[in-house]
Amino acid sequence: MTIVNESHHEEFILLGFADLPWLELPLFIILLITYPLALMGNIAIILVSKLDPRLHSPMYFFLTNLSFLDMCYTTSIVPQMLFNLGSSTKTISYIGCIIQLYIFHIMGGTECLLLAIMSFDRYVAICRPLHYTLIMNQRTCILLVSIMWMTGVIFAFSEATLTLQLPLCGVNKLDHLLCEIPVLIKTACGEKEANELALSVVCIFILAVPLCLILASYASIGRAVFKIKSSEGRKKAFGTCSSHLIVVSLFYGPAISMYLQPSSSITREQPKFMALFYAVMTPTLNPFIYTLRNKDVKGALGNLVRNICKCK
């Protein structure tokens, strides 16, 4: 019996914070503010990276991909959250749940890989500056991004499809804010050890391996920065990496606590808060982190605003 025939319902009930009803209105207001901010901030990053010739470099090519990922990531869940929080209906259709499941995990898995690629880009820029343009040429960047997208899609698609084969045995209530693989596995009945094992293996490749590559890159970067004699050079090198390190911490921290932490040590409400953090707060904060700590992006944004004002 599979979820795609007798086992599934026409819709799922997303319980969310049913035990904490006082939290729904503040959360609705926060999402209503942060979601447009996330969209505007990431659209602004994409526009300035494309329109300003000074930002036509590998670093901003990857940043454009990150902004696009963040927009898709947060859009896959926030509109449904706003609908559920703003009404007495806490449901999502079965088809809507499937679409959300695939998009959410494809974007999340791809972002894990992209953050690793961005750290490699910073490693080459600081540790191999004379070979940077040779190594990080346009062809290499496009190849890396293509592999990243294909890998993210394959891993997420296979794991989500495997999860959807689990029988739910008449259960249509999900104790979460969205359709997420660990919650569907937990809700399912019958034998699910194979799914749990598959999820663990996927998380090792998508979360743990990229994180190890990021840590290795920044260990090498740290050694290279300390060898720079001038304080101005060290400050500049640190400035180019600090934004990325902050983004990595904001994304990987909650994701690891959700997907690599033993399920027995996860509280009932923890997945909901973690999902809000890495799928809502991180995409909202990313544009501001990169803008506030980057003179080139701030200058490009200023030029864009001035040009818009002149046109008006």
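The count begins at 1 with the first shown residue.
Cβ coordinates come from backbone N, Cα and C, glycine included.
No curator has checked TrEMBL annotations; they are predicted automatically.
Summarising the annotation, TrEMBL assigns domain 'G-protein coupled receptors family 1 profile' to 41-290.
Same-chain residues lying 6 or more positions outside the transmembrane segment (25-48) and placing a CB less than 8 Å from one of its CB atoms are 17, 55, 63-64, 67-68, 70-71, 74-75, 78-79, 81-82, 85-86, 276, 280-281, 283-284, 286-288, 290-291, 297, 300-301, 303-304. Per TrEMBL, transmembrane segment is recorded for 25-48 (among others).
The transmembrane segment annotation in TrEMBL covers 60-79 (among others).
As annotated by TrEMBL, transmembrane segment applies to 91-120 (among others).
The feature transmembrane segment is assigned by TrEMBL to 141-158 (among others).
Sequence annotations record features per position, and here TrEMBL assigns transmembrane segment to 197-216 (among others).
As annotated by TrEMBL, transmembrane segment applies to 237-261 (among others).
Per TrEMBL, the feature transmembrane segment maps to 273-292 (among others).
Two recorded stretches are said to be in contact when at least 3 C-beta pairs lie under 8 angstroms, sequence spacing 6 or more; the transmembrane segment (237-261) and the transmembrane segment (91-120) meet this definition. Through the fold, the transmembrane segment (197-216) approaches residues 109, 112-113, 115-116, 119-120, 152, 155, 158-159, 162-163, 181-182, 185, 248, 252, 255-256, 259-260 of its own chain, all at least 6 residues removed from its boundaries and within a Cβ separation under 8 Å.
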